[in-house]
Amino acid sequence: MSQNLSAQNSSETPRIKVAIIYGGRSSEHSVSCVSAGAIMAHLDPQRYEVFPVGITHDGVWTVGESDPSRLKTVDRVMPEVQFTREVSLSVNPTTAGELCFEDGSLYAKVDVVFPVLHGRFGEDGTIQGLFELSGVPYVGTGVLSSACGMDKEFTKKLMAAEGLPVGKEVILRGSETLTEEHKRELGLPVFVKPARGGSSIGISRVADWSEWDAALSLAREHDSKVIVEAEIVGVEVECGVLERIDGSLMASVPAQLQDTDEGDEGFYGFDTKYLDDVVTAHIPAPFDAETTALIQELSLKAFTALSCRGLARVDFFVTDHGPVLNEINTMPGFTPISMYPQVFEATGIGYAQLLDNLIEQALHK
């Protein structure tokens, strides 16, 4: 694949104009910034012309940071979008891909958008709807699949409907709380999560019901809908899925996350993922061939069940009785320590080649 891509990279071929959109209104704003910086650093400047677009915490679109080195975590401080000059994307299909300043002058007319946005208002189908209205090609999954993938309730319902193995959970809406019957069914420990969140933000592990109120309050700070999951005893595993340019799918080697029981959170939390300078996974996971093949097969089935496009990362617990699906991430992290680029590197597809595939797939879908 890399030979075919490089063959197109001749001096007379115009560069592909790519808008990298990052930041956003979600609690994963800073993770998105780091992902965007890593992507910009790996895009071949001979092949791509990059136009960064940042979205502030307040949702304002602005000309983004063009220096990837300024979108890194330094001394445990993560970057944020800094406002410079407001821009907006045309929603008129006759001017598809036009990014304009407030005075109507053109910032760029791009060929494709790479929305490196994590969490709500970026990974949940909202911005994908904007791209559909605009008519501009974009990397990743469409409106419905993004919305379902973002919402853990509907992810699990779709997985279960396809006969895929999922764990026990209870959904709480509004002011609802667990009943005594729920508590008996779930047992302890349980994990309390915002239903539409990621990067382990707002998640608590409850080992005693005296911890319940605090855990529920924390989750509701991030979402009015909360999912309470029975703990699954097993190792955490992540597997990447990539849609090739011809539409065929491939699954990466799986990664096994290191045991985090000794940590303060008791699970694979935000600090472990993004701030602590530690090795967090065994890649490839040390499973036998049969277990590895089953994880890859289930990852592809999950991707298809949600009608995903382009890419996804599928998370599992592997128990003594086999893999159990946990969730699917339709725009996984692309930070230097994110699992998605790492598992494909171990599969034989480097970071730059991975980006080439995703952009080409978006342009031809």
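Cβ from N, Cα, C; glycine included.
What Swiss-Prot says about this one:
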DOMAIN    156-360  domain 'ATP-grasp'
BINDING   183-238  ATP binding site
BINDING   Asp315, Glu327  Mg(2+) 1 binding site
BINDING   Glu327, Asn329  Mg(2+) 2 binding site
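Where Swiss-Prot records a feature, it is marked here on the structure.
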| residue | record | CB count, 10 Å |
| --- | --- | --- |
| Lys183 | ATP binding site | 15 |
| Val190 | ATP binding site | 25 |
| Gly197 | ATP binding site | 24 |
| Ser204 | ATP binding site | 21 |
| Glu211 | ATP binding site | 16 |
| Leu218 | ATP binding site | 17 |
| Lys225 | ATP binding site | 18 |
| Asp315 | Mg(2+) 1 binding site | 19 |
| Glu327 | Mg(2+) 1 binding site | 21 |
| Asn329 | Mg(2+) 2 binding site | 22 |
* **Number of Cβ atoms other than its own within 10 Å, given for Ile232 (ATP binding site)** => 16
* Fill in the CA-CA distance, Leu218 (ATP binding site) to Glu327 (Mg(2+) 1 binding site), as an integer in Å. => 20
* Candidate binding-site residues Asp315, Glu327, Asn329, pick with smallest Cα gap to Lys183 (ATP binding site) -> Glu327
* Structure fact -> One of the binding-site residues Val190, Gly197, Glu211, Ile232, Asp315 has its Cα closest to the Cα of Asn329 (Mg(2+) 2 binding site), namely Asp315
